[in-house]
């Protein structure tokens with residue numbers, strides 16, 4: 001429908017005034033010739049990249065990873081750092097829990113010599129460091145481990161047993177308002193790792209909730225619920241964890257998908273095992289009995305041997321990874337390897353108390 005000529009002139013004058021006052025690009029039509037595609041960074045897991053729909057975690061946004069203890073939260077975050085560093089990006093790790101193991105990080109592929117690390121004394125200090133790094137425009141990925149460890153200054157200076165109702169929630173709410181715009185302008189990915197608590201007196205529904213108030217839930221573009229669902233064994237020895245990640249919230253693609261992969265102790269996400277599973281599912285790898293073949297050549301008997309073959313031949317693994325991403329991410333018609341969750345699947349941390 002055509003706009004009245006007088007209105008058109010008034011709108012043009014208003015837009016001109018806004019751009020003059022706030023800068024070019026401060027307001028524009030949504031359909032203008034400007035790429036709306038979101039730049040992403042791989043999570044280190046092919047199946048999780050596919051479940052996210054865009055091929056990874058979005059730059060310029062806030063992401064929350066939460067789950068029970070020893071479920072793989074920090075491992076997943078470190079894998080994101082390793083993937084970002086391989087692309088030449090600068091990363092920072094805000095270690096509020098004072099528990100980062102540099103030896104383990106190095107095993108996961110993190111370049112610890114070029115990783116910025118801070119162990120702040122208070123929650124306010126941690127969030128101010130995040131804001132300063134973001135405003136510099138020079139840092140691409142920031143990890144905060146964890147929200148539960150971001151202790152307000154008043155609580156640290158007070159006595160144990162003192163009541164500090166809602167302090168952490170207010171601190172996080174203020175930080176989200178301040179950080180969201182700066183992250184977008186700097187195109188910086190900020191990942192918050194969070195812990196789970198139990199709500200008291202919940203008779204029906206999920207009693208689980210996350211710490212730090214409700215603000216993080218609203219500002220996060222992606223929320224990932226990570227759980228350990230089993231053990232990976234080599235004979236009788238446990239060598240890793242079977243892990244499931246649910247995409248609880250997703251603003252860049254369809255939510256409620258999930259991915260399953262293995263986290264091997266001392267190695268991280270078993271990407272080669274994922275390549276074998278997805279390759280078989282999408283008929284890029286042939287499976288006859290226990291034997292696996294790629295392009296007519298046998299690559300191993302059993303999944304473990306096939307995975308080892310890909311590990312020893314990174315060029316073939318990269319070729320297979322590229323084919324799967326083209327098939328499943330770039331508008332391909334391949335069947336999605338990750339099924340949408342059922343209608344009963346609910347956000348595992350739907351309502352958050354303000355103080356824990």
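Using N, Cα and C of the backbone, Cβ positions are placed for all residues, glycine too.
The Cβ of residue 68 (ATP binding site) has 196, 227, 228 as same-chain neighbours under 8 Å, each 6 or more residues away in sequence. According to Swiss-Prot, the ATP binding site annotation covers 67, 68, 69, 70, 71, 72, 73, 74.
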Residue 69 (ATP binding site), number of other Cβ atoms within 10 Å:
8
Across the binding-site residues (70, 71, 74), the Cβ with the fewest other Cβ atoms inside 10 Å is that of 70
Could you say whether, by DSSP, residue 74 (ATP binding site) belongs to a helix, a strand or a coil region?
helix
